[in-house]
Amino acid sequence: MNQVDSENTNRHGREEPLTGHELRDIKDAADLYQSGSFKLQIDALLPNVRPKESGRQQLDHFLFALRAHCISIPSIAPLSPLAAMKVLAKQGVAVPSVFPLPAPDVKWKVAFEPPREICVVGSWGNGIAVKKQIGSRFSVDLSMEMPEALFQEKDYLDGRFFHKKSYYLAILAQSISTAFDVDTFYSSALGDPRLTTLVLRSRNGSASYDFSKSHTEVHVIPVLSSSSPLSPSRLFPSHSNVRVPSSSSPPNFPTPIYNNTILLSTCAKEALMSTHELKNALPAFHDAYTLLRVWANQRGYGDGELCVRGFERKGSFWAGLLRYLSLGDELVGTKSGIAKLRKPLGKGLSSYQLFKAALDFLAKHKFGETPVFTKTTNGHRCPPEEYITHHPAIFVDATSTINFLSDVPLTSLDLLSHDAKETLEQLSNPGASSDTFADCFLKSRFKISSRFDAVIRVNLSQASRNQSTSTVIEHGSSDAALLASISSLLRRGLGNRTQAIAILQPVTPYRPMSSAESPSTSIIHIGLIYDPAHAFRLVDHGPSAEDQDSNVAKEFRYLWGSRAELRRFKDGRITESVVWEVTTSDERAHIPVSIVRHLLQLHFGLSAKYARTLQTPFDNILQLPDDVRRLHRATGGCKAALIAFDGVVRSLKALDEQLPLALLNVSPISEYLRYTSTFAPLPIPASISAELPESLRFLPTIPIILEFEKSSKWPDDLKAIQKIKLAFFETIAQSLMSSNPGLKASIATGGSSNPFQGYAALEIFTAEGWSFSAFIWHDREATLLDRIIDPGKMFVSPSDQKYNAQEQREAKVAQELYTRRFIHAPRHHRAIVNLCHKYSAYSGTVRLVKRWLAAHWLLQTHVSEEAIEIICALPFVGGKQTSTESAAAVPHSKERGFSLVLEFLTDWDWKEPLCLTLYEDDPSATAPEMWTSNGPDAIAVHRLRAFAREASKALRNAETELDIKSLFLHSTDDYDIVIQLNPTVLPRYHQNINAESSVWTRDAHLGITESTPRPGFDPLPLFLADLQSTYADTLKFFADSFGGDRIGAIWLPSLGAPRPFRALAGFSSKPLAKEDKAKDKDLVMLNRQAVLDEIGRLGTGLVQKIIVHEPM
């Protein structure tokens, strides 16, 4: 054994102590990463997002051949720009057009000479390339230095440089496409023709230059040499380098973006060397940069399905950010004075620490207020004041040449800050997510419905492009100028109503060499992330009446148009104001979107049909039809129900002198009193009950719990306790009716035969038409039930009183009901009420999810409403009790909350417990199984996940109201049996997602003579309960609890095969057919037809027909 083997053996055998590096790794995993698995996941991620060695040799072979070819391209004599374009057009190659096009009589000319130097630059040149998205290619940036002889001193004027650069690129495209068997395209980042590059891709089946195994594409970028005649001083932000002969443009207007774009062509090699030095000086730079790019790419700050406006091909920004953090910044003045210097980070930081430092900077820095100047070695080339004056956002690189953010709108930077804040919250609270690593680095955030509180899909094809010529030249294209104007106006108009505004657009597609212009941007998505403290205010205040002639007042009136008006307020102020009139809470939730639509209509001529949002269709899903509300003629809603509840409590409290025990507390346990009922509850006064058709007569019953003072006079027998409760109810009923005219109270007894179970309730029907069902809580019942279930807990000898097995089973059932109703239901109610008050969007989220689950026949029949209320809390509390509504990840609209719940259900591992700390009063008393003990089972969960997966896809592609309604439409094709019910006898039919108004017309309820409301009566769940208990071993049933008129059922697979006959088999059976008897005389099979006949007889008067989707 050699020495090396001996050392390895000692290390693995732990005979030597751990090194300092190993000890640090262990400590980092425990302290820094807060999870050992998180560090291992990062270590596994890094090599999988970097280029592989396979295929590099073929790529290098192509690059060397490409270099040899390009430096040998023959020179082309100077030509006028238009003549040069015509020559290339004849060869099928277009010169990328830059606005404004050159005039026919220009004196300057374009020419071509071979590049002086060809270098691999960018991330590939430094070996830090990162995969963008799954299936995308790595970019290999190849800079080709254009000889200085092609340029003149004043080529910075009027786009002359860009025209010469475009011609140079077109000559390269024509020559390369002829000489090499590769696919060639033009690519213009951000749709800006001034940033056009030539893209080379390996062609399938190419015999000579096949570098497809490297998963790369080559971007050819013409650049200026350091000795070019263009003076950098003429490209400072304040300089005006475009002369526009138009009266619509101001004279000598600064062109900071135009100037910065020229400077981008001068720094490729310098940026390469700077990043290389940083990579060598900072050991953790490479890994930190990789993590940062992966994080950014998953959120649209790069290439992908949708790109955040301004961040397309902005890879240099991320390296510049890490360089700034490691070097520190320059001391410069800001708009608010002298900024504090930021201390550089230590070079010994780990990659994860450096990554978190970058996120911390992005989360806290206000780019619109404080400029960033990376520390330089030789001082500033350009006075910092010029950047501060002419750029809204400033991040100047170490060369003091480039402003990375010159063409990035402040709205995109606000979104970047918000995303960084959200990620930091996740990393600081690992328990907030089931998989923090996946949320940070793996999950794509292109599902905009779950990322933004509101999404507006805008069609720009009809937008009025009234930007001045100078503005179009400054931004490079009409589309870029339009989007910059939209971004600026929306940010001004929404103000502090939003934490972030995102303008998302598809990445500019590659185009063939024969196309001179990039395709126009026709569709964008505007995403809003609300600030809940300000988003829904009704008034926007402007300047006071005394400042009517000021520029501020003029700008206010220009921004809002006819909506701006002088108003006097209660405090005596008279100001310019914009008032948003609303009548319902749903309309108030639409105010931010209404502002966006108003501004788009006013300034860009885009009517509502060109700016679509999906909020209104979701509102309609939760509302009853208009004619139903008119027929009820009553004011409903959770607030009205709470007022009625308070009235009942006062009436009950007033009866203390008439009752043997004082009433201590009345606890609500109903969804109607905690804002989570799918539909707003409607009362039915006795005066209008007879006028309503049967399909509109559903009156919800609101359960409440009565708690009396403790007394030793209660009997110590469960059956006697139930009798005492009946006596209490009788006394309360008589006293209530005598003291409250119009109120009716009666005792309702259930159909349970369980002697230990509370089978009675006091039904209270108020004069306003509300119905309450009261239960009495006596804590001694729990002790007595425990003694029956476990005789060892008795104080008396077990032989004195024995309970048989049947009684013990009944006691367990009674104990479960007691615990659910009297212990957990009040606690759950308090927790949900707190969530509704704490998070404005929680209530609407629960209502939408319940509606969706019911529409797919799972709510109540398989998933309890309490379980759904807990699941819907996940996006808000995220596994931690301390979250607030201001947290970055908390949704502020019901639509976003609904989308997040769907995403969770899609990947829900139902075998793993879902633990949320909701019960603040007693966290240790939670019972995870309490609301899921009766379901869902494996079949229901699999169906639930399948529905959620399809709904999430549909929501992602939804564009119209019909698309949203389709989320709630349920197919019956996969059911073996569909039982069609008579809708005219279903009191909740009006809540059906596809309710037909003809059912509740006048003719539909002729002959109804009963005028007394029937609180809580709904034949569907009663009939369904009978079916489930009768055919528990035969069929599994599904139904919509909100007005469903069909019941679906599937045969249990275990009954498919014949089995031996036995008594009490649990299902209707029949002998096998005669031809099979000789072989299997004692076998029977399920008698499906008999089961269907029994169901039909059981549902006489309710069942219209039974549809069978499977042969009998």
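Think of each number as a place in line: the chain as shown, counted from 1.
Heads up, the Cβ atoms here are built off N, Cα and C, so glycines get one too.
Predicted automatically and left uncurated, TrEMBL annotations should be read as such.
For reference, TrEMBL has these:
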- 8-21: compositional bias 'Basic and acidic residues' (COMPBIAS)
- 140-279: domain 'Nrap protein' (DOMAIN)
- 284-443: domain 'Nrap protein' (DOMAIN)
- 450-604: domain 'Nrap protein' (DOMAIN)
- 632-837: domain 'Nrap protein' (DOMAIN)
- 839-920: domain 'Nrap protein' (DOMAIN)
- 973-1106: domain 'Nrap protein' (DOMAIN)
- 1-21: region 'Disordered' (REGION)
Reported mean pLDDT - the domain 'Nrap protein' (450-604): 92
Two-stretch contact, the domain 'Nrap protein' (839-920) and the domain 'Nrap protein' (140-279), at least three Cβ pairs under 8 Å: no
Contact yes or no, the domain 'Nrap protein' (632-837) and the domain 'Nrap protein' (450-604), 3+ Cβ pairs under 8 Å, gap 6+: no
Tally of residues which DSSP labels helix, strand or coil - the domain 'Nrap protein' (140-279): 59 helix, 30 strand, 51 coil
